[in-house]
Amino acid sequence: MMESAGGPYLNTAAVTSPVGIVRLLQMTFGCTTFSLVAHQGGFSAAYGTFCMFVWTFCFAVTVFIITCEFTHLHSCLSISWGNFTAAFAMLATLMSVTAAVIYPLYFVQLGCYPITCEVRDFRIAASVFAGLVFLVYGAEVFLTRAKPGQVTSYMATVSGLLKIVQAFVACIIFGALVNDSQYSKYVATQWCVAVYSFCFMVTVVVVAFSVTGKTAQLCFPFERSVVVYTFVAVLLYVSAAVIWPVFCFDSKYGSPQRPSACSKGKCPWDSQLVVAIFTYVNLLLYIVDLAYSQRIRFVSHI
């Protein structure tokens, strides 16, 4: 007769706790969304492909997380599970809200021409469920975020969550840069690109070390290094926030107003404006990150 010395094999709290219920809703809404689009709603071009990737990717990872927690398999993985789930929830929130905006913007219309009314209805339904996907991922971030005085994973803290947002905003900047932004025109704007690239790479490294749980194995104090890096990132972004607008929108180097000859979707001025806006967004995020990083203590083994 066999006896279990390690408790039950299945973790029912993985699907009955508030976080577990939210994850089941994520899986349900995500599957419904891409099924509606694939069945009749339809998608095309890079925008539609991105939306489908977001919904299928988030669905697959959510199923993986639920399975691992329900069967206790996550204990066999050589990663920091708390950091991994917190980082994914924040990333999924950002990706799903982007898809929830893009899909109806490019594919939903009130009339039935040139598509049929049935296709229109499917697209509207998919847009509604896309919004629900965003809400349930946001709910997980809210439920699992670090509370004051609570010992939790670094990625669940404000500073950790901001790292994901900073990297996501940097990806938006890179997308605008490659869309004919003419950043190679001046050395000064090339410096800005170097700033965006450096900060993005270091931020990804910080997230990677946290998720893999390898911070305790480093030969230098990880927490102090992160704070120092955040301070350096603030200084670098300040320089980019000053340089980029001057060399893109000053009449001596660029154009203060959008050129009338610019076509929609293929205008360097538009890309430059997007880069400028999100440069200030990321600068603000790094400043807030620096402020919050003074109030937390790193725990590498969670």
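Using the three backbone atoms N, Cα and C, a Cβ is placed for every residue, glycine included.
Listed features, source TrEMBL:
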{"type": "DOMAIN", "residues": "14-149", "note": "domain 'MARVEL'"}
{"type": "TRANSMEM", "residues": "45-67", "note": "transmembrane segment"}
{"type": "TRANSMEM", "residues": "79-102", "note": "transmembrane segment"}
{"type": "TRANSMEM", "residues": "122-143", "note": "transmembrane segment"}
{"type": "DOMAIN", "residues": "154-298", "note": "domain 'MARVEL'"}
{"type": "TRANSMEM", "residues": "155-176", "note": "transmembrane segment"}
{"type": "TRANSMEM", "residues": "188-213", "note": "transmembrane segment"}
{"type": "TRANSMEM", "residues": "225-247", "note": "transmembrane segment"}
{"type": "TRANSMEM", "residues": "273-292", "note": "transmembrane segment"}
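Here the transmembrane segment (79-102) has long-range neighbours at 26, 47, 50-51, 54-55, 57-58, 61-62, 65, 68, 127, 130-131, 133-134, 137-138, 140-141, 144, 152-156, 160-161, 164-165, 168, 207, 210-213, 300-302, meaning same-chain residues at least 6 beyond its ends whose C-beta is under 8 angstroms from one of its own.
Under 8 Å from some Cβ of the transmembrane segment (225-247) lie the Cβ atoms of residues 159, 185-186, 188-189, 191-192, 195-196, 198-199, 202-203, 206, 253-254, 272, 275-276, 279-280, 282-283, 286-287, 289-290, 293-294, 298, all in the same chain and six or more residues away from its ends.
Here the domain 'MARVEL' (14-149) returns a mean pLDDT of 92 for the predicted model. The transmembrane segment (45-67) shares more Cβ pairs under 8 Å with 122-143 than with any other stretch in the list 122-143, 155-176, 273-292. The helix, strand and coil residue counts that DSSP assigns across the domain 'MARVEL' (154-298) are 110 helix, 0 strand, 35 coil.
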